[in-house]
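The following features are taken from Swiss-Prot:
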COMPBIAS  9-26  compositional bias 'Low complexity'
DOMAIN    63-137  domain 'RRM 1'
DOMAIN    148-226  domain 'RRM 2'
DOMAIN    269-344  domain 'RRM 3'
MOD_RES   Ser250  phosphoserine
REGION    1-26  region 'Disordered'
REGION    230-268  region 'Disordered'
Amino acid sequence: MQNQRLIKQQQQQQQQQHQQAMIQQAMMQQHPSLYHPGVMAPPQMEPLPSGNLPPGFDPTTCRSVYAGNIHTQVTEILLQEIFASTGPIESCKLIRKDKSSYGFVHYFDRRCASMAIMTLNGRHIFGQPMKVNWAYATGQREDTSSHFNIFVGDLSPEVTDAALFDSFSAFNSCSDARVMWDQKTGRSRGFGFVSFRNQQDAQTAINEMNGKWVSSRQIRCNWATKGATFGEDKHSSDGKSVVELTNGSSEDGRELSNEDAPENNPQFTTVYVGNLSPEVTQLDLHRLFYTLGAGVIEEVRVQRDKGFGFVRYNTHDEAALAIQMGNAQPFLFSRQIRCSWGNKPTPSGTASNPLPPPAPASVPSLSAMDLLAYERQLALAKMHPQAQHSLRQAGLGVNVAGGTAAMYDGGYQNVAAAHQQLMYYQ
């Protein structure tokens, strides 16, 4: 049964590819001027079969498309000529902006609009990838300004708003989901936000969905940074509702991003450690993160009555690596710890004051190699990043307490991946 389904899907994909090839060939014959290398290039990314749709949006009744990230040299006449390649156009409107323009194209037939999304999304016009999607009014989305938002990281490139919403739809108060898209490349930025009407549902979603598979990747969930919203409803000067897309951009070309998120802010150097057992002490937590060897530890705090603690590092990259390595750790006092970013940045100008190595446990004791390893950590904190890298390479194979090998190199190349970690709020 499963094999038959796969065969059917492959056949549908082949038919779709053949149909697209036929359409593109016809477009080149009808509009050869558009395919001059300096004007319009072939597709540079896979087309969206149905656009990046909001929850509940019905494309079967839509005949309008949004075109974003349009090169400033494109005129309204040229835009109309480009989109007319997929079918007769009822109207075309180009709104010019300083950096990139946007526009709306209304077709007589929705099939022509669908084909425009499939064949023109990602096409390079004057070297700039154009974004094409279904156009719809903001009124089609629920107002989520007072809802509870969670951050979802490590998303697969193919995950759309609809797919993300579907993954969280089991939670009754889930109200919206949006994937953030890169304004320049038209590709997913690998993270998004999900809204909930009920705070408890949001917390439950974080607990249950963190680490679950969505498409081809395990996602990471946590509370969104304060101020990270989907954007307020906007209205144009004529009182009409402004069209806003689900791919993280509005019709004014602004990208709805989370630039101040801790994974993007070098001022964040503190790791939040949750799900701690009541018997875990500050010394226990210090020992654990010391053995990880992620970097120079400056402060360790534990709230035993609340089941969490904080570990502050010398640099942002060290903290990012500690989050990644900490989440891969086995149990600490019979519990799997959960690591993410602390909720406050380290104040500018904070002097570096590394903690000394933690007091040795009765078994095993800290060896001379452990102390040497910590001295190397202190040296790393004072060196140029390139020199740090060289020293890390030279430090391969150094063992520390608990048998952790290659403490300076293990997983360090994956710091960028660790930057998708999330924010915690008390």
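Think of each number as a place in line: the chain as shown, counted from 1.
In case you wondered, yes, glycine gets a Cβ from its N, Cα and C as well.
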For the domain 'RRM 1' (63-137), DSSP counts of helix, strand and coil? 22 helix, 31 strand, 22 coil
Within the domain 'RRM 2' (148-226) only, compute the mean pLDDT. 85
When DSSP states are grouped into helix, strand and coil, how many residues of the domain 'RRM 3' (269-344) land in each? 23 helix, 24 strand, 29 coil
